[in-house]
Every structure is written in structure tokens, then in C-alpha cells.
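Positions annotated as domain 'Dynamin-type G' by TrEMBL: 28-294. The domain 'PH' annotation in TrEMBL covers 514-619. For 649-740, the entry in TrEMBL reads domain 'GED'.
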Amino acid sequence: MGNRGMEDLIPLINKLQDAFSSIGQSCNLDLPQIAVVGGQSAGKSSVLENFVGRDFLPRGSGIVTRRPLILQLVNNKAEYAEFLHCKGRKFVDFDEVRQEVEAETDRITGSNKGISPIPINLRVYSPHVLNLTLIDLPGMTKVAVGDQPPDIEHQIRDMIMQFISRESCLILAVTPANTDLANSDALKVAKEVDPQGLRTIGVITKLDLMDEGTDARDILENKLLPLRRGYIGVVNRSQKDIDGRKDIRAALAAERKFFLSHPSYRHMAERMGTPHLQKALNQQLTNHIRDTLPGLRSKLQSQLLSLEKEVEEYKNFRPDDPTRKTKALLQMVQQFGVDFEKCIEGSGDQVDTAELSGGARINRIFHERFPFELVKIVFDEKQLRREISHAIKNVHGVRIGLFTPDLAFEAIVKKQIIKLKEPCLKCIDLVIQELINTVRHCTNKLGSYPRLREETERIVTTYVRERENKTKDQVLLLIDTELSYINTNHEDFIGFANAQQRNIVNKKRAIVNQVIRKGWLTLNISIMKGGSKEYWFILTAESLSWYKDEEEKEKKYMLPLDNLKLRDVEKGFMSTKHIFAIFNTEQRNVYKDLRQIELACDLQEDMDSWKASFLRAGVYPEKDQVLISSTSSSGADTFSMDPQLERQVETIRNLVDSYIDIVNKTIRDLMPKTIMHLMINSAKDFIHSELLAYLYSSGDQNSLMEESVDQAQHRDEMLRMYHSIKEALSIIGDISISTVSTPAPPPVNDTWIPETRSENEQRAAVWERVTFPLLYYVQNELPIYSIDYY
């Protein structure tokens with residue numbers, strides 16, 4: 001029966017297998033198992049039924065076993081069966097077990113004889129079995145039947161290889177005695193994955209069906225076609241016995257009688273038959289587990305470490321503790337506050353490397369998106385100069401003004417300042433959306449308590465919305481403050497004297513050629529000129545260069561930024577990318593013979609970020625140009641040709657530019673501060689100090705802390721698996737001290753098993769057989785018709 005400690009380990013490994021399967025995780029521990037491999041109708045299912053002593057597996061022609069059946073046999077006083085997918089239900093009638101296997105198979109594979117690698121887990125408790133774990137695999141076949149896919153042979157082979165390739169898997173190679181053992185498919189695949197024969201056990205079935213005068217004595221004695229672990233012969237029930245519902249116990253008695261009475265087998269009868277096979281497999285599995293203990297221990301320890309963090313919150317769970325829900329509520333709210341603050345302020349632990357989130361996205365809004373929205377405010381140059389002209393004339397009235405009126409300047413400036421309200425309010429909306437997304441992300445950890453999650457998200461979101469109104473009121477107040485007093489004595493304001501002498505030109509970029517941004521962009525050009533392609537772009541204060549890759553060794557082109565502008569480009573019909581274009585305001589070619597180049601990004605936020613970088617380099621959107629060369633001529637057509645009025649218009653235009661720059665700087669500085677103070681910091685304070693009180697007042701605490709069914713089940717499964725692994729490690733520690741390893745049988749000459757060659761290897765062999773004689777005959781000028789290809 002084997003070592004008692006090892007006998008205890010087999011059921012424990014079964015529990016561990018169930019623990020992994022029940023929570024939807026693959027058990028990557030490679031637990032020791034026995035895989036039953038053989039051709040169709042080799043008698044695999046009959047061998048398993050003989051172990052159990054019951055009819056419980058589907059019968060029929062063709063492929064009957066279409067999903068792996070993990071059969072766990074447990075020695076027990078009571079006799080019943082359990083399926084992992086039917087928790088809590090005990091099957092006492094084994095006909096119902098067969099029906100459930102068939103129904104569960106059809107549920108996944110359908111009724112068209114298709115196969116699936118998803119296993120069915122069946123545990124059988126019986127006083128007539130020894131502790132074993134076996135996997136019944138589909139029988140190998142050569143021809144697809146009915147609606148089966150044409151590659152059914154390869155599908156079955158791949159499935160079998162997935163199981164038997166594991167070093168921890170023993171291979172039970174089942175072969176009928178009435179077929180040629182040298183061509184056994186089971187032994188062929190076994191040799192592929194176990195060339196030393198350490199894991200392969202041969203089983204010869206249907207010994208009673210051999211032709212009269214023949215026997216398998218030499219094979220069973222391991223003299224002919226030897227295997228390292230030898231062969232065990234069994235006699236299963238015939239189809240007539242099965243149809244006649246012959247009792248398996250009677251069949252086992254008949255098997256025993258067959259071996260005792262057969263002249264070729266009676267001397268080895270004690271080493272033949274189903275009971276001996278069951279004992280041998282139990283001992284082999286016991287020894288195999290003992291051999292794999294060191295590796296299994298290390299894998300269990302790594303699994304335990306990976307589970308530690310996940311089950312930490314479950315360790316102290318006491319469902320009968322009356323203060324449990326209160327403690328859980330406090331812990332959840334505190335953790336939510338910590339997570340929210342980490343998302344906003346940033347944290348070094350568990351850094352997301354896939355995308356920006358939380359505070360990083362808000363930072364991008366403050367320093368990239370918002371400045372870009374300010375610059376995007378469109379000043380129609382003709383309209384602006386017309387308004388300045390009208391303002392000057394209206395201030396002068398019937399008189400001819402000799403001096404530039406400051407009232408006209410104030411009127412125009414105030415009108416431009418009012419335009420700042422829209423991008424400011426848009427900035428707040430963007431931050432609000434990011435805050436709500438952050439709240440939603442942080443409440444994901446409250447998923448164990450759906451009602452608590454909903455209430456927390458609702459309360460915090462409502463508070464953020466309330467702060468939204470106050471923040472918008474404050475921002476509008478800032479703009480109204482700017483409107484209330486135009487400070488022409490500001491140190492950065494150019495003043496009337498300087499404005500009259502200043503020429504309107506594009507702001508000169510920094511002399512230092514500072515690198516502003518690097519990254520991948522797609523350059524869109526026509527197929528005739530090379531097609532769209534990704535390049536590594538480098539934007540500096542003076543130029544835009546692109547290279548073949550990020551090594552920056554092979555430069556493709558360098559484009560100076562002088563007189564360049566940006567414009568948006570609509571997506572193509574089939575395009576998913578976001579596109580913007582760069583063009584020259586003097587109608588010159590930008591790249592080769594192209595008047596503009598189109599640059600594409602995968603994400604909208606990437607495009608906005610690149611546009612903001614171009615703004616830093618002094619490349620502005622299309623309509624934001626105020627070149628004097630383009631305005632003087634148009635002004636001559638639109639406005640009065642009075643030179644004095646033109647000088648006054650020009651002066652006020654320069655003054656407006658200077659003052660709006662000052663206001664923009666002020667707003668760009670105060671907007672993030674206002675939003676942080678009134679909205680973000682206020683939300684953090686609310687979560688830390690008031691959220692708990694709001695939750696208590698929102699309803700019944702018991703309903704609030706009602707745990708989800710999935711979470712309760714997940715917790716139970718995780719704890720069960722955690723304790724199973726700890727128990728397994730404990731038992732392994734005891735066993736490894738008290739057991740002695742059994743040496744493997746000596747090697748045998750198994751070259752009789754033919755190697756399985758791939759289709760390519762077979763074609764190569766045929767090619768050699770044909771081409772080599774052909775080449776010889778051609779070289780020696782012999783008649784080709786005399787070649788014997790075979």
C-alpha cells in the first residue's frame with residue numbers, strides 16, 4: 001500500500017487541484033498524476049471502471065471520451081461520486097454519473113463528436129479503491145468522423161502531449177493484445193516525451209481475445225519489446241458482458257480465474273489483473289510523488305508567497321464577529337482615502353507603466369492642454385483691426401483725434417479677456433472628469449461590498465460636482481477681477497511709447513537649440529512618394545527633425561520652424577489615427593514638393609500633447625498669425641487710408657497683444673492653484689474627514705456592508721487554497737524526513753518502438769529516396785528508366 005504519509009499526500013494533492021480549478025486558475029504546480037493514453041477502443045475506460053467497480057463512463061462507437069476526465073479515487077467507507085462543477089451534490093447512482101459526464105461533455109463540445117481540452121473533474125469515494133489520480137484522455141484516431149474537424153488527429157495528439165509532456169505525469173500506455181504492439185500509438189507518443197522510460201507503464205488489455213494458440217507471455221515477462229517499468233495484463237468485460245450488465249465484481253473474479261487457469265500466465269498471476277494494476281499504480285504514484293517532492297516543495301512555496309498578499313485581508317476574517325462590519329467599513333474608507341491621495345499626489349509603489357492616470361493626467365491638463373486651449377482662441381486679424389478702428393473713431397466722435405485713445409485700448413482688451421472664460425471652464429470640466437475617473441478607479445477595491453462601492457462613488461462624485469460650481473464661480477470671479485481694472489502700469493506691459501516703435505513679428509524663438517520633445521509619429525504622405533511610415537521625431541526650439549529609429553543615427557530630414565503653423569486635419573474614412581498638419585505661411589514647400597506634411601498619432605491626448613510642445617517651440621495654430629505684411633495691405637482695403645489712424649490702430653494692436661500676454665500668464669498660473677485648492681484638496685479633505693459620516697447617514701450599515709456572493713466565494717476559495725498549500729508543505733516536510741526513495745528499474749533496450757516522424761521529415765525521406773538514385777544515374781549517363789525507386 002506504500003508509505004502512510006504518502007497515502008495522506010495523494011488526497012491532499014487532489015484538494016489542491018480542486019482549489020486551483022474552482023477559482024478559475026490553472027494549476028501550474030504540475031501535480032503528480034497518471035495519464036491514461038491509448039487508441040480508440042483500447043479498453044482505457046474499462047480499466048478505469050474496473051478500478052472503481054462501477055459502470056460510470058459513457059460507452060459507444062467512435063470517440064466517446066471527448067474531454068479529459070480527471071478521476072480522483074479516494075479510499076472511503078461510504079461510496080459516492082462528486083463533480084467539481086456540481087458542488088454540494090453527491091451522486092450515489094453511478095448511472096447518473098455517466099449521464100452527467102455526457103451532459104457536461106456536450107455542454108462544451110456540442111453533440112458533433114468535437115473535442116475540448118477543458119477537463120471534467122470527478123472524484124469517486126469508495127471502500128474498493130486506493131488513492132489515485134488518473135486522467136482519461138480521448139483515444140487517438142486517424143480519420144475524422146461525421147462533423148468532426150479534419151484535423152481531429154492533430155487536435156487529440158496535441159491535447160495528449162499537453163498532459164504527458166509534464167515531468168510529473170506518469171503515462172499509462174494502454175494497448176490491446178490483439179494488435180501489433182510494435183505499432184502501438186500509445187507507446188510511440190510515450191517514448192517522445194519519456195525517452196528514458198522512467199514514467200511509462202505498459203498495460204495490455206484484451207488478452208482473452210487473442211487468436212487461439214497465441215499469447216503475450218514474452219511481452220508480459222518484459223522479454224519481448226521490453227519497457228523499463230514493464231507490462232501488466234488485464235482482462236476487461238466484453239461488449240456482450242457490458243450489454244448484459246455483467247457485474248464488475250464478477251468480471252474481476254473471472255479475470256482472476258483467467259490468469260490462474262491459463263497455462264501461459266498462471267506462473268505470473270499474482271502480478272497480473274486489475275487489483276495488482278491498481279496497487280502498482282498507487283505505489284508508482286507514491287514513489288513518483290516522493291521523487292518530485294523537492295521541486296513540488298519549491299513550487300508550493302512560491303505559490304504561497306504569491307498568495308500571501310492576496311489573502312492578507314482575508315486572514316483575520318471572522319464572520320461571527322459583531323464588530324466585523326464596522327471594522328471593515330473603517331478599513332475600506334481609510335484605504336479608499338489613501339488610494340485616492342496616492343492617485344492624485346503620485347506614489348512609488350505599484351506604478352502604472354502602461355498609461356497616465358490620476359494626478360499625472362490632471363498635470364497634463366494644467367500644463368499642456370489648458371495653455372493650448374488659450375492659444376487656440378482665434379483672433380480674426382481683420383475683424384480685430386476693424387474693431388480697434390471703430391473704437392478709436394467712436395471715442396473721438398466728431399473730432400479728429402491727435403492722440404491714441406486709451407479708452408479704445410481698454411474696450412478691446414476687455415473684449416479679449418472675456419474670451420478666456422470658455423477655455424477656463426473647459427479646463428475645469430476636464431479636471432472634473434479625471435477626478436471622477438480616479439474616484440471610480442479607487443472604488444474598484446470596494447468591489448467586495450457592492451452597496452458600499454455604489455454609495456461611496458455617489459457621495460464623493462456628488463461632492464465633486466458641488467465643488468465644481470464653486471470652482472467655476474471663483475474662476476469667473478478671477479476673470480471679472482481682470483476686467484475690473486486694466487493695470488497699464490504692470491512691469492511687463494510695453495506702454496504707449498514702446499508700442500508705437502514696435503514692429504509686429506512672430507516672437508523670436510530661443511537662441512539655444514533646446515530639445516522640447518522626442519517621440520514616434522506617423523508621417524502621412526502619398527503611396528507614390530513612399531507611403532505613410534513611422535519615424536522618430538525630435539522637436540527643438542529651432543527645428544523639427546525625424547530619424548529612422550530612436551538610435552538617432554540615420555536622419556531623414558530637418559525642417560526649420562521659421563514661418564510654420566499648425567492646422568487640424570480630418571480623419572480619413574478608414575483611418576483610426578488623429579492627424580494634424582504643419583505648413584509654411586509663405587506658401588513654400590515644407591518637405592520635398594509638399595506644401596504641408598501630415599503627422600498622425602494613435603491617441604487624441606498624444607496629438608494634444610504634441611501640439612502643446614509645438615506651442616512651446618513657437619509654432620502656433622493656423623489662424624493665430626499677425627504678420628504685418630499680411631495685415632497692412634488688407635487693412636488698406638478695409639479701413640481708412642488715413643496714416644494717422646493706421647498708426648493708432650497699430651499701436652493699440654501692440655498694446656492689446658502685450659496686455660493679453662500678461663493676463664494669460666496670470667490665468668495660467670492661477671487656474672491650477674484655484675482648482676487644486678477649491679476642488680482637489682477639498683475632495684481629499686472631505687474623504688478623510690467627512691465621508692465616513694455621510695456613509696453612516698446614508699442607510700443601514702448591515703445592508704451597506706453586505707458582501708457580494710462572488711466575493712464571499714472567492715475569499716473562501718482563496719483561503720482554502722492558501723491553507724491547502726500550507727498543509728501540503730507541512731506534510732511534505734514530515735514525509736521528506738521519514739521516507740526512503742525507491743530506485744528506478746534499470747534501463748532496457750526499447751529501440752523496437754519506432755520513432756514518430758513529422759510530415760516534413762517523411763517528405764525529406766521520400767525526397768532522398770528518389771533524388772539520390774536519380775542524381776547518380778544522371779552523373780553516370782545511365783538510362784533513367786532502370787532506376788528502382790523503392
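Glycine too: its Cβ is placed from the backbone N, Cα and C atoms.
With DSSP classes pooled into helix, strand and coil, the tally for the domain 'PH' (514-619) is 16 helix, 50 strand, 40 coil. Taken as a whole, the domain 'Dynamin-type G' (28-294) shows an average pLDDT of 83 in this prediction. Secondary structure of the domain 'GED' (649-740), assigned with DSSP and counted as helix (H, G, I), strand (E, B) and coil, comes to 82 helix, 0 strand, 10 coil.
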